[in-house]
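Novice: Pulled the feature table from TrEMBL, pasting it below:
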DOMAIN    15-463  domain 'Major facilitator superfamily (MFS) profile'
TRANSMEM  74-97  transmembrane segment
TRANSMEM  104-126  transmembrane segment
TRANSMEM  132-160  transmembrane segment
TRANSMEM  172-191  transmembrane segment
TRANSMEM  197-218  transmembrane segment
REGION    237-257  region 'Disordered'
COMPBIAS  246-257  compositional bias 'Basic and acidic residues'
TRANSMEM  274-295  transmembrane segment
TRANSMEM  315-332  transmembrane segment
TRANSMEM  339-356  transmembrane segment
TRANSMEM  368-393  transmembrane segment
TRANSMEM  405-427  transmembrane segment
TRANSMEM  439-459  transmembrane segment
């Protein structure tokens, strides 16, 4: 008796689960630095008298070289070492992602990410106090982490058609927030006792998930004789069947002869909407990553919580991010207006950020509600652009069915966004000494700019709706 063949639904489910776990572990390994910052330069006076009479009375418990008055600038340098390397590496990563087997590329990047994340934490156990060690590790980690996003979006795009892509990817994109939450909780468990473990444990987790992906991830429906999805028509009938089971799929990437040519960098930029969404994401990601890296420290400074409590509270921003990503995907599927959905959320986000800064610390209940609302409005557009919009543009009609642009388009959009991700925490580090109010004014300005950059695409969508309504009325 032969066993029943796995359906394409099973493979789609497996792809969603594995890519979800992959990117959850990527974010899980990025988050510890924001939690550990407050432990590298804590308020030593709360720990009692100084046991070392020969050291500075106010910074005796800090971790050199972060024990000086310039500790905020040094934290900013750590963030930027990772984020600038990530932004630069992302533009190159998509080009490699189109030309190498995605499974090898993804799992190799995850194992290396685990290594460099662990090396940062091992600085604690090896008693390293040299700034350059931590910066070099951050640069290397930033470069290898660029393997993740183009690979996972390309895998999901290969398996799912246009139909309900916004909703599916909105739910799937919660991996970003789930990773941030788990990263915060795992890092928080050891932040006060042995902060090195806050990095080593996430490093082990991402390495393990990378090995699992190497053995079980299926890159293309054709690898297991499933029909590919339809990208430009109604999804009815696009759920292809699998013709036969291929047990050795992990060793059988698509034959090069069957593949169309990978798109060039300039070719990807010519796809309508790529430039606008890329620049919009630059400012949207600037806001999101400023919160990712500075929110726990802001809560410690303004609300006077401890390091662990601030880390736990900051996860509510990511809870809001999950809800915002799903809501943005659902609305944009229903309306067909990806750009308009982003614009509306960005417009509402600006006054909400202002309110959070002024009334967000007036009580624990207010703080929780405002963090969730701000998280939804800030991360909703960011989630939509990096997932459904990237997949739409990477399988655009102008490509005439060549889906080989997926990794390159995804990398261009996310790479441009990563420039904003690098700028946000850097600007926050430079501006925060003048007061947190100025940091929030900078974030509000970035939200408004993100919205304005999408104006041309929003007008195009509005004209499309008007034309559709006119046709329905018979004009």
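Quick reminder: no glycine exception, Cβ is built from N, Cα and C everywhere.
Where the annotation comes from TrEMBL, it is an automatic prediction and has not been curated.
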Novice: Do the transmembrane segment (197-218) and the transmembrane segment (172-191) share at least 3 Cβ pairs closer than 8 Å, excluding pairs fewer than 6 residues apart in sequence?
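Specialist: Answer yes: the transmembrane segment (197-218) meets the transmembrane segment (172-191) with 3 or more Cβ pairs below 8 Å.
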Novice: Tell me whether the transmembrane segment (439-459) sits in contact with the transmembrane segment (104-126), defined here as at least 3 Cβ pairs under 8 Å among residues 6 or more apart in sequence.
Specialist: no
Novice: With an 8 Å cut-off on Cβ pairs and a sequence gap of 6 or more, do the transmembrane segment (339-356) and the transmembrane segment (172-191) reach 3 or more such pairs?
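Specialist: Counting Cβ pairs under 8 Å (6 or more apart in sequence), the transmembrane segment (339-356) does not reach the transmembrane segment (172-191), since there are fewer than 3.
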Novice: What mean pLDDT does the predicted model reach across the domain 'Major facilitator superfamily (MFS) profile' (15-463)?
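Specialist: Computed over the domain 'Major facilitator superfamily (MFS) profile' (15-463), the mean pLDDT is 83 on the 0 to 100 scale.
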